[in-house]
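Annotated features, as they stand in TrEMBL:
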SIGNAL    1-21  signal peptide
DOMAIN    26-310  domain 'FAE'
ACT_SITE  Cys169  active site
ACT_SITE  His248  active site
DOMAIN    334-417  domain 'Beta-ketoacyl-[acyl-carrier-protein] synthase III C-terminal'
ACT_SITE  His338  active site
ACT_SITE  His342  active site
ACT_SITE  His371  active site
ACT_SITE  Asn375  active site
Amino acid sequence: MELLWTISATLLLCSLLSILWKEFDRRRNRNCYLLDYVCYKPSDDRKLSTELCSDVIARNKRLSVSDYKFLLKVVVNSGISEETYGPRSIIEGREECPTHDDCVDEVDDCMHRTLDELFLRTGISPIDVDVLVVNVSMFAPSPSLTSRIINRYRMREDVNTFSLAGMGCSASPIAIDLVNNIFKTRKRTLAVVVTSESIAPNWYCGTDKSMMLGNCLFRSGGCSFMLTNDPSLKHRAKMSLKCLVRAHLGADDDAYSCAIQREDAEGRVGFHLSKSLPKAAVLAFAENLQRLAPKVLPVGELALYVLRGLRHRLWRSKEARTDAATAARVNFKSGVDHFCLHTGGAAVIDAVGRALGLTKYDVEPARMTLHRWGNTSVSSLWYVLGYMEAKKRLRRKDRVLMLSFGAGFKCNSCLWEVLRDLNDGGAWEDCIRAYPQQTLVNPFMEKFGWVKEA
C-alpha cells in the first residue's frame with residue numbers, strides 16, 4: 001500500500017512539474033526580441049540638393065506663382081536639409097513617366113543593401129529564416145516583393161511570407177504585431193521584416209495643393225530588421241518587445257478620407273492630405289494613449305491621473321478646471337525613457353512632443369532624423385532609433401516607445417526594453433558628430449526667396 005502511494009505521489013509530482021515546465025517554456029518562447037536592424041543609406045548621387053529640387057520644380061510648367069509660394073512655405077518650414085535622397089527617376093528628370101523598372105530598382109536597392117548587411121551582422125543565413133514580411137505601401141508588383149527576396153537569397157520552400165500594402169507610415173508596428181502573434185504559436189522562430197516605400201511611381205505632377213505636400217516631405221529610405229522568440233538568442237538581442245497597441249479610426253468617414261490616394265480634377269494620381277487630418281491624428285493619438293497608459297505607466301502615476309480626473313469632476317470652478325486642464329496630462333516619462341516619434345513633419349513632431357510633455361532633448365532624435373533623412377514614411381522610426389543608438393543614449397533596462405501615424409487613419413505604438421548598452425553608428429556613422437544642429441536653416445529660402453516678393 002505504501003509503495004502504491006509512493007508511486008502515485010511520484011507520478012503526480014512528475015505531472016505537475018511537466019505542466020509547470022510547459023507553461024514556463026510557453027511563456028519563454030512568447031517573447032519577441034529584436035536581434036538587429038539596418039537602415040538604408042542610398043548612394044550620394046541620389047541626394048536632393050537645393051539646385052536639383054529647383055530644377056524639379058521648374059520642370060513642372062503647370063505651377064503658377066501662387067503654387068511656387070505654397071511650395072516655398074511648405075519646404076522652408078519642413079525642417080528638411082539637402083542631405084535627403086530621392087529616386088533616380090526624379091533625379092534624371094523622368095518624374096512624370098517612371099517605368100516599372102524604375103520602381104523595381106528603387107525598392108531592390110533598398111532591400112538588397114539592408115538585407116545583405118543584416119545577414120552579415122547577425123551571422124544568420126537566409127536559409128534559417130522562418131517568416132518574411134515586407135511593408136511597401138504604394139508599390140505591389142507581381143511576383144510579390146517577398147518572392148523577389150526569396151529568389152535572390154534562395155530561402156527555404158516552407159518560409160512563411162506576408163506582403164503588407166497600403167498600410168501607410170504606420171506599417172512597422174503592424175508588421176511587428178503580425179510577427180509577434182506568429183511567435184505565440186511557434187517556438188524558436190526567426191523573422192525578417194523589410195520596411196520601405198516607393199517614391200518613384202507616386203510623385204505628383206499636378207497643381208492640387210493637398211497633393212503637393214507629399215512631394216515636399218517624403219524621401220527615399222527603408223530598414224530591414226530581424227526578430228526572434230528563441231530564448232537562446234536573447235543574449236545577442238538589442239531589445240525585447242514589452243507591449244504593442246494599435247488604434248484604427250477607419251469607421252469614421254473624415255478619418256478614413258483625410259489621407260488617401262486619389263485623382264485630382266485633371267486625372268493625375270496623387271496622395272491627398274486633407275484639412276481634417278490633424279483632427280483625425282489627435283483622435284487616433286488619444287485612443288492609442290488611453291489603452292497604452294495602463295500597460296506602460298507605474299501604478300503611482302496611474303493613481304495620480306485617476307485622482308486628478310476625479311478632482312476635475314468634483315470641482316467645477318473655473319480655477320479648478322484650468323488647473324485640471326494642465327494637471328490631468330499623463331506623465332508618460334515616468335514609464336518611458338526614450339521616444340521614437342514619427343517624422344511626419346516639424347509640426348507633427350512638435351505637436352506630439354507638447355501632448356506628451358516632452359523636452360527639447362526628448363524630441364531631438366525625431367527632429368534631427370527629419371532634417372537628415374526627411375520623412376521616410378514607414379521606416380522613419382528606425383532612423384530615429386538609430387540616432388539614439390549612435391548618440392549612445394540607449395542603456396540596459398531603458399524603455400523605448402515607438403509612436404507612428406498612418407493612413408486609414410491609424411496610430412500605432414510599441415514599447416521596447418533595451419537588453420544591453422547600444423552604441424552602433426549604423427546609417428548615422430559618418431554624420432552623427434554634426435548633430436544635433438543648433439539651427440536648421442533651410443537652404444531653399446536663399447534660392448526661392450524672390451517668390452515671396454512676387
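Yeah, the Cβs are placed from backbone N, Cα and C, and that goes for glycine too.
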### Message
Give me the DSSP three-state residue breakdown of the domain 'Beta-ketoacyl-[acyl-carrier-protein] synthase III C-terminal' (334-417), ordered helix, strand, coil.
### Response
40 helix, 21 strand, 23 coil
#### Entry: Pairwise CA distance, His371 (active site) versus Cys169 (active site), rounded so that it is a whole Å
18
### Query
How many Å separate the Cα atoms of Asn375 (active site) and His342 (active site)?
8
### Task
Would you count the other CB atoms within 10 A of the CB of Asn375 (active site), including those on all shown protein chains?
25
### Task
List, in sequence order, those active-site residues among His248, His338, His342 whose Cα sits within 10 Å of the Cα of Cys169 (active site).
His342
### Euclidean distance between Cα atoms of His248 (active site) and His342 (active site), Å
16
### Task
Quick one: average pLDDT across the domain 'Beta-ketoacyl-[acyl-carrier-protein] synthase III C-terminal' (334-417), no decimals.
94
#### Entry: Chain-internal residues, separated by at least six, CB under 8 A from His338 (active site)
Asp362, Pro365, Met388, Arg393, Leu394, Asp398, Arg399, Val400, Leu401
